C-alpha cells in the first residue's frame, strides 16, 4: 500500500502542504522509487519464480518487476478493488512483448482481498513483499498478519518496509506520514516485532533501509526501515503444500499471460524470423563475391557503386570462439540461381543455437514455413530478388 510521493520529493503523505518548500527533504531518486528498486535488486539477486506484492496499490512495483525474466507468476493483492481494476490494463502485454517474446511464461493476477485472509493460491511463493503496508493495519489485523503471511503462506522470503518514526521530526508539523497510518514504529519497535515473528515462524531476519538521513542527523537512521525475512530450510515442500486445503477467498479482478518461447506458436514465429533474417544476411553478403567471380571470368557485372548501393547492415559481434564455430560449420553454396544455407551453419550462430538444440528440431519447426532442400539439410532461397535488381546489386 504505497504512499503518495508528491512532486517526487516528499515522503510525507498528504502533508506536503504543511512542509515549507525550502525545508522539504529531497530524496533522489524519490523514496518510493528507492523502495521499489530495493525489491528489484533482491529479485535480480535471488531470481524468484513466484512473487506476490501484498497491498500492491497502484501496481507500480508489479510493473517494475514484470520485466524480470526469472519471474513466471506475479501476483498483487489489495483491498481497493476499484484501483486494481483501473490499473490492471497497465500490466497487460504490449506490442513489443509479442514481437520479442520472453524466454519463460509469465502470468500476472490481481486479487481483491485482505492480506489477513488465507487464500491457498498464494501458497508456495518464493518472495512476498509488503511495502509500506503494516502501518495501515489496525491492532486486530496486525495480530493476524504474521499468522497468515509467515505461518500459512510461509514463502521462502518476505520483505517488509515501514516508516521509521525516528525520522519524522525532520519533517516540520508531521506526526504520522499518512492520515490512514494506524501507527509508525521506531527502529527498536520494528526490530522487536520482527525478531519475535521471525523466531516464532522459523525465519531469520536482517534489517536495512532506504532514504539516507541528511548530514548531521545520521543517528535517526533510514527514512524507511526494511526487514528481510528468510525461511530457515527454504521453501515449504510440495508434500506440505499438498496437505493444505484449497481456500479461494480472494476475488480475481485481472489476469493476463505473456507470450513466451515456451509457447509453440511464439517459438515458431521467433525461430522462423531468426532463420529468415540470417539466411537473408548470408545471401546479401554472398552477392558481391559472385560479382567478383564473374569479373574474373570476363563477365561484365553491373556497377554497384554510387547512391544505389544498399547500406551495409551491422550484425552482432561474435567472440573468437563463436567465430571459429561459425567458420568451421558447413559453408553456404549456390546451385544455379538458388542459394543454400545448411542447417548446421545456422545452428552455429549463437542466437539460433540458443533457440534450437539440434538440426532435427530446427527442421521440424520451420519445414512448413521456409523452403528446404530435398533432403531437408539446408534452407533454400532465390539468389537474387526484386530488390537486388532495383539496386543493380
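Each residue, glycine too, has its Cβ placed from N, Cα and C.
Copied from Swiss-Prot, the annotated features are:
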type	residues	note
BINDING	36, 55, 78, 83, 115, 131	S-adenosyl-L-methionine binding site
BINDING	132, 135, 136, 181	Mg(2+) binding site
REGION	286-307	region 'Disordered'
COMPBIAS	290-305	compositional bias 'Basic and acidic residues'
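Structure coloured by features recorded in Swiss-Prot.
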residue: 36; record: S-adenosyl-L-methionine binding site; DSSP class: helix
residue: 55; record: S-adenosyl-L-methionine binding site; DSSP class: coil
residue: 78; record: S-adenosyl-L-methionine binding site; DSSP class: strand
residue: 83; record: S-adenosyl-L-methionine binding site; DSSP class: helix
residue: 115; record: S-adenosyl-L-methionine binding site; DSSP class: coil
residue: 131; record: S-adenosyl-L-methionine binding site; DSSP class: strand
residue: 136; record: Mg(2+) binding site; DSSP class: helix
residue: 181; record: Mg(2+) binding site; DSSP class: coil
Practice problem: Give the number of CB atoms, excluding that of residue 135 (Mg(2+) binding site) itself, located within 10 Å of its CB. | Solution: 22
Practice problem: Give the distance between the Cα atoms of residue 36 (S-adenosyl-L-methionine binding site) and residue 135 (Mg(2+) binding site), rounded to the nearest whole Å. | Solution: 18
Quiz item: Cα-Cα separation of residue 131 (S-adenosyl-L-methionine binding site) and residue 181 (Mg(2+) binding site), in Å?
Solution: 13
Exercise. Could you tally the C-beta atoms, other than its own, that fall within 10 angstroms of the C-beta of residue 83 (S-adenosyl-L-methionine binding site)?
Key: 17
Self-check item: Of the binding-site residues listed as 55, 78, 115, the one whose CA lies nearest the CA of residue 132 (Mg(2+) binding site)
Solution: 55
Practice problem: Rounded to the nearest Å, what's the C-alpha distance separating residue 181 (Mg(2+) binding site) and residue 55 (S-adenosyl-L-methionine binding site)? Just drop the number here, would you? | Solution: 14
Quiz item: residue 83 (S-adenosyl-L-methionine binding site) to residue 135 (Mg(2+) binding site): how many Å between their Cα atoms?
Solution: 20
Quiz item: Name the residues of the same chain, 6+ apart in sequence, whose Cβ is under 8 Å from the Cβ of residue 115 (S-adenosyl-L-methionine binding site)?
Solution: 54, 55, 77, 79, 130, 133, 137, 141, 145, 148, 149
Self-check item: Residues 36, 55, 78, 83, 115, 131 [recorded S-adenosyl-L-methionine binders]: greatest CA to CA distance in Å
Solution: 19
